[in-house]
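Q: What Swiss-Prot records for this protein is below:
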type	residues	note
ACT_SITE	Arg143	active site
ACT_SITE	Lys168	active site
ACT_SITE	His232	active site
ACT_SITE	Arg235	active site
ACT_SITE	His258	active site
ACT_SITE	Tyr267	active site, O-(3'-phospho-DNA)-tyrosine intermediate
DOMAIN	1-86	domain 'Core-binding (CB)'
DOMAIN	107-280	domain 'Tyr recombinase'
Amino acid sequence: MERILQNFSDYLMHVRRLSDHTVVAYVGDVKQFLCFLIENDIELKDVSRLHIEEYIKKLSKQKTKLNSTSLARKISSLRSFFNYLQLTSIKDENPVEGIRNPKIRRRIPDFLLPSEIQKLLEFSMKNQRDYLMLSLLYFCGLRVSELCNLRVEDLSFSPAFVKITMGKGKKDRIVPLTSKLAEKLENYITSCGKSPEDYLFGSQIKIHPSTVFRIVRKYTMMCGIKKRIHPHTLRHTFATHLLQKGVNIRVVQDLLGHSNLSTTSVYLHVVDQEKFDAINKLLQEG
């Protein structure tokens, strides 16, 4: 069974080209399901749709109740696992086919106001590294993992852009840099004496995501922002501000590296909400 799990992990990483985080989550979900099979004396080859439904019921009834998003991911993990077993002729059919994921209520992402972003960057300017990290998260809409994986060779200054090669789904993308940010990055690289193969933040060892979280938290507290802010909030803010300024949603999709437009569309709700708020203000004033 360990060999099957390892091969499944390799399949997700090298064939499906999923992110490391997603692979770990999927394999963990499958391990949990395999424990259920052992507890109930069920052979993997004998798993039917009925067993899958029983397992989902068990997950739904456990003390620490799963939210719809977590349950949907666990079902997706099993669907991928049995697809893999079909591909490798270990199982003839996929018992998860036809089982619907629970409906997920899309939560409108939190974002910062332009004045809050300005404060955040102003407070971090005394620390060159921190300022550049926050600037890349906001002006380029990077994920934390993408920021941590950036190497000097991923940056171009003529023309000015950053190449993201380790994004979710392993899809390369190009994100332009503002002239001001490009200049500051070039000065930072020169002053630190970095080589092309060095990590931008770090050298031989990349910076840890937890460090990025601490830096974001530090400056939000310093400038008195009361919202619960994390690095991904800056990515949400990047997308929201672009849409508010009338940028085409397809362009925003490409900049974010989303494979599906529906993922980007969630930010439209933020813009729509602003319209409703504006009308409500008129009603209140009237």
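Numbers run from 1 along the shown chain.
The backbone N, Cα and C atoms fix where each Cβ goes, and this holds for glycine too.
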Q: For His258 (active site), which residues in the same chain are close in space, meaning a Cβ under 8 Å from its Cβ, but six or more apart along the sequence?
A: Thr264
Q: Provide the number of Cβ atoms within 10 Å of the Cβ of Arg143 (active site), excluding the reference atom itself.
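A: The Cβ of Arg143 (active site) has 21 Cβ neighbours within 10 Å.
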Q: Mind checking how the domain 'Core-binding (CB)' (1-86) divides into helix, strand and coil residues in DSSP?
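A: Here the numbers are 69 helix, 0 strand, 17 coil.
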Q: I'd like to know which of these active-site residues, His232, Arg235, is least surrounded, judged by other CB atoms within 10 A.
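A: Relative to the other active-site residues in His232, Arg235, His232 has the fewest Cβ atoms within 10 Å.
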Q: Averaged across the domain 'Tyr recombinase' (107-280), what pLDDT does the model get? Just tell me the whole number, please.
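A: Reported value for the domain 'Tyr recombinase' (107-280) is a mean pLDDT of 87.
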Q: Please report the distance from the Cα of Arg143 (active site) to the Cα of Tyr267 (active site, O-(3'-phospho-DNA)-tyrosine intermediate), rounded to the nearest angstrom.
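A: So the alpha carbons of Arg143 (active site) and Tyr267 (active site, O-(3'-phospho-DNA)-tyrosine intermediate) sit roughly 16 Å from each other.
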Q: Provide the number of Cβ atoms within 10 Å of the Cβ of Tyr267 (active site, O-(3'-phospho-DNA)-tyrosine intermediate), excluding the reference atom itself.
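A: Taking all protein chains shown, Tyr267 (active site, O-(3'-phospho-DNA)-tyrosine intermediate) has 25 Cβ neighbours within 10 Å.
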